[in-house]
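Note sheet for the following structure.
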Amino acid sequence: MRRYLGYLTASTLAVMVFVLFFSFLFHPNATRLAQLQLVAVVLGLCVFIVAWFAAFFIFYFHATLIRERNKEFGLLMTLGMTPGQIGRMVFLESICIGIAAILLGSLAGLILSPLFFALIGLVVGLPNTLSFAFSPIPLTITVIFFGIVFLLEAAITSWRVQRRTPRILLLGARVRQIPPKISLVKVLLGLACLAGAYIMAIAFSVQFLYNAFPIVILAIVGTFFLYSELLVGLLGILRRRALSGVKLLIVSRLSHRLRDYARILAIVTILNASVLSAMGAVYGFLQSVRISLEQSYPFSLQIKESMEHPLRLTPDQIVETLKKEGLTVTDQKVTLFLTGTVNGEEAQIVSQDAYQQLRDMAFRYTSGLDNTGQIPASLTPDQAYLLDAVPFAITTGNRGITTEGETLTLQFGSQKHILHFERGEHRVLNNPGFNGETIPTSILVVNTDLFQKLQKISTIQQQYRIQSYHLQQVPDTLDLYGLIAKKAAEKESTYWLDSDESLPLMNGLINIILVAGCIVSGLFLIAAGSSLYFKLFTQQEEDRRQFHALSRIGMQKREGIRIIGIEFLVLFFIPVLIAIVHSSVATLDMLHLFLATDFAARITWTTLLIASLIYAACFALYYGVALYNYIRRLKISTVA
């Protein structure tokens, strides 16, 4: 029963997660609130991932456990049990374990659902705790899905056991133990598959939607041949060199293990790569999106007000309105802009002094900004700075007014000015276009004296002012846009405003992806580590006989521990290293697909590195536990 405890626990966890995710999808508020709609999409995708994981884990893990009982079944056959009776016994065992996993997992899912709903409400920033709502549909779907999976698994496993002869069951791997030989064709095919997958991922990122499935298939096939052929071939080359007895034994055992374990190692590698790509690359990229979004909203609230049709309330009255809503206004700035044309395209004109004050305010309250938009201390009347907006800093691309050469043409009314300019980027306006109408995103910073001259000849239609406010701790539920539109706007007012209200949605999305990703990644980690762990123990009897024979010819205790330690080290960590390579290529693909900037790339690679270190630490724990238990069961301490 002890050997089945891990299988039952993992199956129960899969059922529990399935129930938790599905329970939320059928929650009555899942489609009513904007924040929860994003959560429903994320958890809906995770349900399919969990379903795939559960099917794989149940089929493969139980098959490994049954293979460990080969000797037991062989003895039962020699004592008179028929293959049919053994098959029925295995079938009933599988059904009982499946029923136990479904019952325990469903019960645990129901018990933890209120806590899970409360956690979702917390991470997405809901003002009130998400109440528990029971629906029989998730339980029905769970019972049907896992019932079918366990029933199919029981039938297939019992059929396989019935087809084995007592000789195969009793002798096990010794019947198949032949020197591994490599195929040059398979080696070249494996390298070609991996190269093809990497090239398609890196060089053809734009066509990812069409190439995703072929890339995954090529990576799986290439990884399998990497273990079964290429690495075995490299070990074969080492065997032909002059090696000492222990080293030769290590290389020989590894060559057999890699050939026997090629399938499980390939599966573990793909599982590891999936987790690292999801938790490292995707979460890192979303984190860069969040930071970029924060930097694209340097002000809590920004209002563009036409001087022809101003708002009902003055800036001071708007401050009082905000205070009545319980908000603290820590800073405000009113900046006058003029609308003109630069090289035939509309642009905003601002004086150097006013721009610098607005920029200083933005940098005072927004962390992480670089020196974007910094201009010299003084500009002459024939100089200007053309600054394009940086609405979203995670992607590259050309934005703003088209220019050629070192000069530009400023057309303002009947006047035309030829100005020498330098070009850059600014962060003094909130990302336009989320609320209201968009405004010109390019700013032309001119000499203050020149701006005053333009102001004198400007019409009231060309004048507008931008009110910028920094607020302290704005509640996620407060609609600043609706508040200003209701309190301050006249019917004929021409205004535009935008606040950083998109940030709570993005933060909620990232948080729920992190929570769901951690849960799914934990299941994948259990699947990968446990599958390899129990696979190693299927050859325990064979190793016990081998080490007992080696002890008779003088093998020392420390040599036996060294052999097992190095062997387990390779089997546990080679999949992690190859998975890191796979996930790095997937990360490059994603960064190329989204035309990510250096800023986004740095955060993404850093997150991938952290995820890789955490994953390696988890496998190190698996390695330590497996090595300790394996050596203890082999009783290497008795080797003289």
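Note: Cβ is positioned from N, Cα and C throughout, glycine not excepted.
TrEMBL annotations:
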type     : residues : note
TRANSMEM : 7-26     : transmembrane segment
TRANSMEM : 38-61    : transmembrane segment
DOMAIN   : 47-165   : domain 'ABC3 transporter permease C-terminal'
TRANSMEM : 95-125   : transmembrane segment
TRANSMEM : 137-161  : transmembrane segment
TRANSMEM : 182-206  : transmembrane segment
TRANSMEM : 212-238  : transmembrane segment
TRANSMEM : 264-286  : transmembrane segment
TRANSMEM : 509-534  : transmembrane segment
DOMAIN   : 519-632  : domain 'ABC3 transporter permease C-terminal'
TRANSMEM : 561-583  : transmembrane segment
TRANSMEM : 603-625  : transmembrane segment
Answer key: the stretch among 212-238, 509-534, 561-583, 603-625 with most Cβ pairs under 8 A to the transmembrane segment (7-26) is 509-534
Cβ-Cβ under 8 Å with the transmembrane segment (561-583): same-chain residues at least 6 beyond its ends
219, 223, 226, 231, 246, 249-250, 253-254, 257, 261, 265, 268-273, 276-277, 280-281, 528, 532, 536, 543, 608, 612, 615-616, 619-620, 622-623, 626-627, 630-631, 634, 636
Spatial neighbours of the transmembrane segment (509-534) not adjacent in sequence (6+ beyond its ends, CB under 8 Å) are 3, 6, 10, 13-14, 17, 21, 38-39, 42-43, 46, 49-50, 53, 56-57, 60-61, 64-65, 68, 119-120, 123-124, 261, 264-265, 267-268, 271-272, 274-275, 278-279, 282-283, 286-287, 289-290, 571-572, 575, 615, 618-619, 622, 625-626
The mean pLDDT across the domain 'ABC3 transporter permease C-terminal' (519-632) is 83
